[in-house]
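What Swiss-Prot says about this protein:
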- K95: active site, schiff-base intermediate with DXP (ACT_SITE)
- G156, A182, G183, N204, T205: 1-deoxy-D-xylulose 5-phosphate binding site (BINDING)
Amino acid sequence: MLHIADKTFDSHLFTGTGKFASSQLMVESIRASGSQLVTLAMKRVDLRQHNDAILEPLIAAGVTLLPNTSGAKTAEEAIFAAHLAREALGTNWLKLEIHPDARWLLPDPIETLKAAETLVQQGFVVLPYCGADPVLCKRLEEVGCAAVMPLGAPIGSNQGLETRAMLEIIIQQATVPVVVDAGIGVPSHAAQALEMGADAVLVNTAIAVADDPVNMAKAFRLAVEAGLLARQSGPGSRSHFAHATSPLTGFLEASA
């Protein structure tokens, strides 16, 4: 079970809604993933329509919605988007995203921390997308964020856990859930994140652009379950030396 703020989730896999060929394929993939928390960009939701092609099927699927502020370039823009989301969707939950450079989509640490502090004070449950910076993640935790979401690699890059060393420090020192977000490209990346101690992963592009998104979503579900089970099972420690799994000389001595 995963506890974040006032909610509990059975699944440790969070999913996104972008890049799918259709809303039907999006919903089928989310169901196959077992995900219970789904993020969506407010800039893609038509708040004037009651039958929005993205929002309506998500509500029907019964998942918890995590609106995000993707597209915001400053703290002020993110705070404005957060209030729109709360009014439109009736939720205090928010994935805080501030990335001023459209080419790299890297989160702005200064603006993110500034916005997070304000939004927490205004009653939001803030889950900030941030760089894999242990100092920043600790500061975000200290201002009241319900979880931290450090990147594994740039958004949509499918590079995997390129920031592994920093992620390990973040996980070790965190007292709130750590969700590895961005860059996860294949199920094995997700399994590795859970094995190393992450509480969850958020996957979007790797599922949405797959030749078979539904089966890829299922593969990610199984990988996350395997990674979590492996960690809970207590894997053996790494060694620079070989260790025999059976006696090497006993049978020779017995036959002498």
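Cβ from N, Cα, C; glycine included.
Keep in mind the model is a prediction, meaning the values are calculated, not measured.
Known features from Swiss-Prot, placed on the structure.
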residue	record	DSSP (3 states)
K95	active site, schiff-base intermediate with DXP	strand
G156	1-deoxy-D-xylulose 5-phosphate binding site	coil
A182	1-deoxy-D-xylulose 5-phosphate binding site	coil
N204	1-deoxy-D-xylulose 5-phosphate binding site	coil
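A distance of 14 Å separates the Cα atom of K95 (active site, schiff-base intermediate with DXP) from that of N204 (1-deoxy-D-xylulose 5-phosphate binding site). The record gives G156, A182, G183, N204, T205 for 1-deoxy-D-xylulose 5-phosphate. Within 8 Å of the mean position of their Cβ atoms, the other Cβ atoms in that chain belong to G16, A153, P154, I155, S157, N158, D181, I184, G185, V203, A206. The Cβ of T205 (1-deoxy-D-xylulose 5-phosphate binding site) lies under 8 Å from the Cβ of G16, G18, K19, I155, G156, N158, G185, each of these being in the same chain and 6 or more residues away along the sequence. The 10 Å shell around the Cβ of G156 (1-deoxy-D-xylulose 5-phosphate binding site) contains 17 further Cβ atoms across the protein chains shown. There are 23 other CB atoms within 10 A of the CB of G183 (1-deoxy-D-xylulose 5-phosphate binding site), with all protein chains counted. Here the binding residues for 1-deoxy-D-xylulose 5-phosphate are G156, A182, G183, N204, T205. Their largest Cα to Cα distance works out to 9 Å.
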